[in-house]
Amino acid sequence: MNAAVRAVVRMGIYVGAKVYFIHEGYQGMVDGGDNIKEASWESVSSMLQVGGTVIGSARCKDFRTHEGRLRAALNLVQRGITNLCVIGGDGSLTGANLFREEWSGLLDELVQSGQISEEAAQTHSALHIVGMVGSIDNDFCGTDMTIGTDSALHRIIEVVDAIMTTAQSHQRTFVLEVMGRHCGYLALVSALACGADWVLIPEMPPKDGWEEQMCHKLSESRLRGSRLNIIIVAEGATDRHGNPISSNTVKDLVVRCLGFDTRVTILGHVQRGGTPSAFDRILASRMGVEAVLALLEASPGTPACVVSLCGNQAVRLPLMECVQMTQEVQKAMDEKRFEEAVKLRGSSFNVAVLNVGAPAAGMNAAVRSAVRVGITEGHTLFAVNDGFEGFSKGQVMQQIKWGDVGGWTGQGGSLLGTKRTLPAKHIDKIAEQMRIHNINALLVIGGFEAFESLLQLVDARSRYEEFCVPMCMLPATISNNVSGTDLSIGADTSLNAIVETCDRIKQSASGTKRRVFIIETMGGYCGYLATVGGLAAGADAAYIYEEPFDIRDLQSNVEHLTEKMKTSIQRGLVLRNENCSENYTTDFIYQLYSEEGKGVFDCRKNVLGHMQQGGAPSPFDRNFGTKIAAKAMQWISKKLKEFYRTGRVFANTEDSACLLGMRRRALVFQPVIQLKDETDFVHRIPKEQWWLRLRPLMKILAKYKTSYDVSDSGQLEHIVLKTYSM
């Protein structure tokens, strides 16, 4: 929430508005006085890394009464406030909408009682409201992610990863209870992210007889050699008859039926705390800026809107449509229409799977998902070790089975092994291996090398029939430099590593007067990590290859930091992409800043290096990898049926070799041949990159005068009911 507060304050000041904090939620609005204070640029400094909300939040009975709302209206009019940005759940947002509907009536009452003048009532005749959804449960319809959900998943996964080591050592079963009284999102996604054996959520109560089914599944898993079982229960889980299923009920059942050593862990409020994740900081910063733009464009007839995320796109939706849809879900659950509640929430072939390029966290989750979905679809899966180099040497695992990928989701790096070698070098030998193992389809998981590899294989189709099979590539690279996708597996984990380090580095200067840190990030020629990491860590500048800079820019950044040091904020953060300039190296920038800042600030430099590539994958990368690999495998199944003729698979059309990427709002399969023109092969980056639009936002939040392109900002849309089919 703090990242959203910071973005609203700074964007508001940037556009020339007066911005006020209302402390303690609606209670502060009703009580007035010191609870409503003007915000300054400095007042939101150093809050990106703080969990919770620094302006406080409180449940308020007074605001539910007409008298309470009347006092709140008086407090706002006295300060000339007619635009409200509300960050909260559906209760807070519904309250805001009611307040807006009553506004003109409340002003009339205040005029009649002589508390405000007729003129004041006319000046403040319209109240505009924009909502942002802050809720760890992700229980609000209309947005893919609410502010706080990703951070809560981080807390859950940290606990699960820690528990898995002890469970494995002692051959234990763990029952974990996570929050979600009416919404199973946290339970379902954390179960996916840690490879749990069973999950119980309110929207999908298990069918009668689930107890035997679950126990059978657990004992089967033990027989296959697994030393642990994880069961995740949402706190609001029930059976089909509405009887609650608690974590202790599940534990007693496992002990009674199987005699397994079983423990319960209730995570409770741990899920609400801690440092916000990189994803939440970026989401909240983007939403905050979008909210200010929505308020600026609002007219008296504009309905109260909520700023949402759809795929990778910010959208605006009518607040009450979202609230009504959210309430419909609860109604459907209360009436035991479970299938509807879920909708409201939203022949054997041989398939080879391999990793290509540098390791990226989340690759293993993608491999696990591909293997298990492939087996479910009836295919035989082959795992290739060490990329195309391993393929050419015949390092093909004889058939990878269901149990072989157990526990892979939370593992960093690449368990299959990965190399940067491209296939062109060994094309004969790879074709031979394809023939020996009768490979009918290929799933390649990797970065820019994987993209180049697929292009080379497509090119070789005219010479080798073995490559006339469906091929799919999943983008997995920390650099996020592959054409055809906004996001890549591994980039979120890397961003979290950068942000965590930047937080620590900034904190190291808290006892020191006036210090600037120069930090070098990876990414090749792609400035994604430096830019988005800079936005999430609150950097003052980020130097990247895509936005050329010269000595004058460096000079103006130094001057900007010198000005900043005169305020109460006495530390600076500058990010530099490793290949942003041949001559303006990290050392050069460090020396320049040190020299120019003499007497004002001192400098320190830090090259983050390979710590950006390691570590356990973040919840986002685990789930993104799991989701897109499952989707890719289903696409491969469809294509195999499509291209199966007279006893063999033959595919040589453009659309039989695709990259599956996240494009704005949707996951899209795009022929790699068509993505060729969108790519700069010399610098290994896409010619157009969506995140460059975030750079002005980073500069605005760092107090630079710059223009912000609003052409891509959300327009008010209507909420649509999604029906999912797998």
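Heads up, the Cβ atoms here are built off N, Cα and C, so glycines get one too.
As annotated by TrEMBL, active site, proton acceptor applies to ASP137. If you look up TrEMBL, you'll see ARG59, CYS60, GLY89, ASP90, GLY91, SER92 marked as ATP binding site. Marked as Mg(2+) binding site by TrEMBL: ASP90. Annotated substrate binding site per TrEMBL: SER135, ILE136, ASP137, ARG172, MET179, GLY180, ARG181, GLU235, ARG263, HIS269, VAL270, GLN271, ARG272, in sequence order. Under the heading beta-D-fructose 2,6-bisphosphate binding site, TrEMBL lists ARG420, 477-481, ARG515, 522-524, GLU578, ARG604, 610-613, ARG684. According to TrEMBL, the feature domain 'Phosphofructokinase' maps to 1-294, 350-636. Per TrEMBL, region 'N-terminal catalytic PFK domain 1' is recorded for 1-349. Residues annotated as region 'C-terminal regulatory PFK domain 2' in TrEMBL: 350-726.
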Surrounding CB atoms that lie within 10 Å of the CB of GLN613 (beta-D-fructose 2,6-bisphosphate binding site), all protein chains: 21
Other CB atoms within 10 A, centred on GLY91 (ATP binding site): 12
Non-site residues, in chain order, whose CB comes within 8 A of the mean position of the CB atoms of ARG59, CYS60, GLY89, ASP90, GLY91, SER92 at ATP: GLY25, GLY88, LEU93, THR94, GLY95
Binding-site residues compared (MET179, VAL270) - the one with the fewest other Cβ atoms within 10 Å: VAL270
Neighbourhood of ARG181 (substrate binding site), C-beta criterion under 8 angstroms, separation at least six: ASP137, PRO202, ALA234, GLU235, GLY236
For substrate: widest Cα to Cα gap among SER135, ILE136, ASP137, ARG172, MET179, GLY180, ARG181, GLU235, ARG263, HIS269, VAL270, GLN271, ARG272 in Å: 33
Rounded Cα-Cα span from GLY89 (ATP binding site) to MET179 (substrate binding site), Å: 15
Of the binding-site residues listed as VAL270, ARG272, GLY524, GLN613, the one whose CA lies nearest the CA of CYS60 (ATP binding site): ARG272
Candidates SER92, ARG420, GLY524, HIS610 (binding-site residues) - the one closest to ARG272 (substrate binding site) by CA: SER92
Which same-chain residues, if any, lie at least 6 apart from ASP90 (ATP binding site) yet have Cβ under 8 Å of it: VAL133, ASP139, PHE140, CYS322, VAL323, THR326, GLN327
Position of peak Cβ density within 10 Å, selected from the binding-site residues ARG420, ARG515: ARG515
Nearest recorded site to ARG59 (ATP binding site) by CA-CA distance, among binding-site residues ARG263, VAL270, GLN613: VAL270
In the chain carrying ARG263 (substrate binding site), residues 6 or more apart in sequence that have Cβ under 8 angstroms from it: ARG172, THR173, PHE174, VAL175, LYS251
Rounded Cα separation (Å) that holds between GLY91 (ATP binding site) and SER135 (substrate binding site): 11
Nearest recorded site to SER92 (ATP binding site) by CA-CA distance, among binding-site residues SER135, VAL270, ARG420, SER479: SER135
Nonlocal neighbours by CB distance (under 8 Å) for SER135 (substrate binding site), same chain, sequence gap 6 or more: GLY88, GLY89, THR146, ILE147, GLY148, THR149
Between VAL270 (substrate binding site) and HIS610 (beta-D-fructose 2,6-bisphosphate binding site): CA-CA distance (Å): 30
